[in-house]
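According to Swiss-Prot, the protein has these features:
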TRANSMEM  2-22  transmembrane segment
TRANSMEM  23-43  transmembrane segment
TRANSMEM  52-72  transmembrane segment
TRANSMEM  108-128  transmembrane segment
TRANSMEM  134-154  transmembrane segment
TRANSMEM  174-194  transmembrane segment
TRANSMEM  222-242  transmembrane segment
TRANSMEM  258-278  transmembrane segment
TRANSMEM  292-312  transmembrane segment
TRANSMEM  349-369  transmembrane segment
TRANSMEM  370-390  transmembrane segment
TRANSMEM  418-438  transmembrane segment
Amino acid sequence: MPLVIVAIGVILLLLLMIRFKMNGFIALVLVALAVGLMQGMPLDKVIGSIKAGVGGTLGSLALIMGFGAMLGKMLADCGGAQRIATTLIAKFGKKHIQWAVVLTGFTVGFALFYEVGFVLMLPLVFTIAASANIPLLYVGVPMAAALSVTHGFLPPHPGPTAIATIFNADMGKTLLYGTILAIPTVILAGPVYARVLKGIDKPIPEGLYSAKTFSEEEMPSFGVSVWTSLVPVVLMAMRAIAEMILPKGHAFLPVAEFLGDPVMATLIAVLIAMFTFGLNRGRSMDQINDTLVSSIKIIAMMLLIIGGGGAFKQVLVDSGVDKYIASMMHETNISPLLMAWSIAAVLRIALGSATVAAITAGGIAAPLIATTGVSPELMVIAVGSGSVIFSHVNDPGFWLFKEYFNLTIGETIKSWSMLETIISVCGLVGCLLLNMVI
């Protein structure tokens, strides 16, 4: 019966979001309320569970996402992202242009949300395709693959970070494992798959992009741009490595754990960026503060939706669904990684939103960790992989890709939807293989 109620809740969520076009946050809270009542929870307990779910999920997550958005916005506004892109492409040359685009997308993707990175790199992709006389998708697909993998696999992006919070996974290890799996995944979904699509040769659409192009003097140096944007990654990776190789009681371990905490790592990066991307570029504190304020507007609704997913998750836990799923897992031989991936994949195809699919699947799959002893970090990547599968017409990202690359719906499915599916399947296979050795 508990699983039937969960299924009803998921169907209700789909109806509210797809049929009635309801805001994701409101829909998630209403579904959490409905599932709690159907499970027989008292009214006051349901409300308390929803509050606890929102608060527990957004506790440190709001700080991480807030600081991450600030870092990304400063990187974009000062021309740092453009500097990274143009320098890498100049170094690689036309023959290896796909790899330059992949590396650029991967580097930029660490600091920027997918949509921001996508729009930011488009002029560069258009310029490369025109100057090298190559099909647009030949460089567009590697760019999209790199951005999508960082968005689905790696903290501090919203989906992986929120799932890591739900699963109580170590952010540093999640980042480390995610990076290991991301590299072959990007290669297959990007440069390799792009060669299959060389027959789709569409002209660059006119009038779709009018963002600022920075002059040489306006942009910070390549080294400053790269190292400032990668500060959180370096600090979190340092913590993960220190915890693996240093004995307990080592003097450096507390320092590494403090500096590598995701909140501290992103805060330190923002403080450095305020100087390297702001004061050092001649910007006033008022201008820097305007950038910081505008960055939060970008993620405000995203934070609420994630909080709503946390509320749904908490109701499932407090109503006993987690224990029911845990008991079921004792009677099945299905890999918890495969099950978590499948839940996220079904929700992704039905809902369209990778973030909502990831958060909802995280709440449903959370009991599997305690029951099976599977690595919570690999579970984060499994859910993240499932949440990006087969983007189609109910996903805004589908239409973003279609319009900017001047494609038909069929061509978008062949390129974008299949690209996302390759990423999803590679992520699952990678998790299953990595699970054998850790």
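Each Cβ is built from the backbone N, Cα and C atoms, and glycine gets one as well.
Ranking 134-154, 174-194, 222-242, 292-312, 370-390 by CB pairs under 8 A with the transmembrane segment (52-72) puts 292-312 at the top. Same-chain neighbours of the transmembrane segment (258-278): 60, 63-64, 67-68, 70-71, 74-75, 77-78, 80, 155-156, 161, 171-172, 220, 224, 228-229, 231-232, 235-240, 242, 285, 287-288, 291, counting only residues six or more beyond its ends whose CB sits under 8 Å from a CB of the stretch. Against the transmembrane segment (370-390), stretch 134-154 has more CB pairs under 8 A than any other of 23-43, 134-154, 222-242, 292-312. Touching of the transmembrane segment (2-22) and the transmembrane segment (174-194) is ruled out by the presence of fewer than three CB pairs under 8 A, sequence neighbours closer than 6 excluded. Under 8 Å from some Cβ of the transmembrane segment (134-154) lie the Cβ atoms of residues 97-99, 101-106, 108-110, 113-114, 117-118, 121, 125-126, 128, 160, 174-175, 178-179, 181-182, 185-186, 189-191, 193-195, 197-198, 200-204, 354, 381, 384-385, 387-388, 401, 405-406, 415-416, 419-420, 423-424, 427, all in the same chain and six or more residues away from its ends. Remote same-chain residues near the transmembrane segment (222-242) are listed as 68, 71, 75, 80-81, 83-84, 87, 107-108, 110-111, 155-156, 170-173, 175-176, 252-253, 256-257, 259-262, 264-266, 268-269, 272-273, 276-277 (criterion: CB distance under 8 Å, separation of at least six residues from the stretch ends).
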